[in-house]
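Chemist: Here you go, one structure.
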């Protein structure tokens with residue numbers, strides 16, 4: 001019976017036989033097309049944001065960093081970041097939606113430095129005049145630009161902080177190295193000076209020892225020399241009292257002569 005009934009039933013299109021299934025298929029297809037469109041839009045948006053990030057990076061370097069001193073450029077970047085973060089945190093707050101061009105801080109950090117005001121304009125701020133006062137007011141339709149620009153600012157500020165820390169650490173290391181060299185030179189000088197003092201002292205002691213030895217030798221030689229005898233200054237030293245005849249020797253007394261007896265008689 002089931003086969004008969006199926007054979008008797010005419011062949012109909014799927015959409016006619018099962019309208020619920022056809023609706024589901026159509027919805028799925030529509031969802032796939034929407035997803036594809038969304039994916040395509042996301043891809044285009046990602047490319048646009050990438051190009052925007054690159055543009056903001058160029059506004060920072062070379063735009064701000066190169067023409068200004070390091071301190072001025074860093075102050076400008078931090079001021080722009082503060083303005084962006086305040087507005088992102090409280091987008092409805094009127095005091096964060098604008099800044100006055102004649103304000104001393106704004107003038108010193110955004111108006112006077114090269115490239116800083118251009119970055120603020122890229123964030124979405126536009127010049128306006130209110131009560132004869134120049135202002136830069138934010139365009140709410142530029143929230144995407146503000147978000148991306150703030151992220152690039154944070155990136156640049158963090159990089160500058162790292163560079164500054166590295167520079168300070170390098171300066172400390174150079175200072176420590178210079179101090180070590182100076183200390184080594186001082187120690188070497190003191191060592192040389194001490195060595196010279198010891199050498200001079202040793203030479204002086206050697207000379208004194210030689211002089212003392214020479215003096216002792218001279219004293220000993222003088223004590224053994226005849227010229228140093230106490231008898232050398234006595235009267236008669238070195239002379240004989242009588243002159244002996246050549247025919248008389250010291251071993252025998254002088255002879256007795258008759259002539260001497262006659263004369264005595």
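Including glycine, each Cβ sits where the backbone N, Cα and C put it.
Below, the features straight out of TrEMBL:
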DOMAIN    71-146  domain 'PUB'
COMPBIAS  198-210  compositional bias 'Basic and acidic residues'
REGION    198-265  region 'Disordered'
COMPBIAS  211-230  compositional bias 'Low complexity'
Chemist: Taking all residues of the domain 'PUB' (71-146) together, what is their mean pLDDT?
Modeler: 95
Chemist: Sort out the residues at least 6 away from either end of the compositional bias 'Basic and acidic residues' (198-210), same chain, that have Cβ-Cβ distances under 8 Å to it, and list them.
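Modeler: Contacts with the compositional bias 'Basic and acidic residues' (198-210): none.
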Chemist: Would you mind splitting the compositional bias 'Basic and acidic residues' (198-210) into helix, strand and coil residue counts from DSSP?
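Modeler: Summed over the compositional bias 'Basic and acidic residues' (198-210), the classes give 13 helix, 0 strand, 0 coil.
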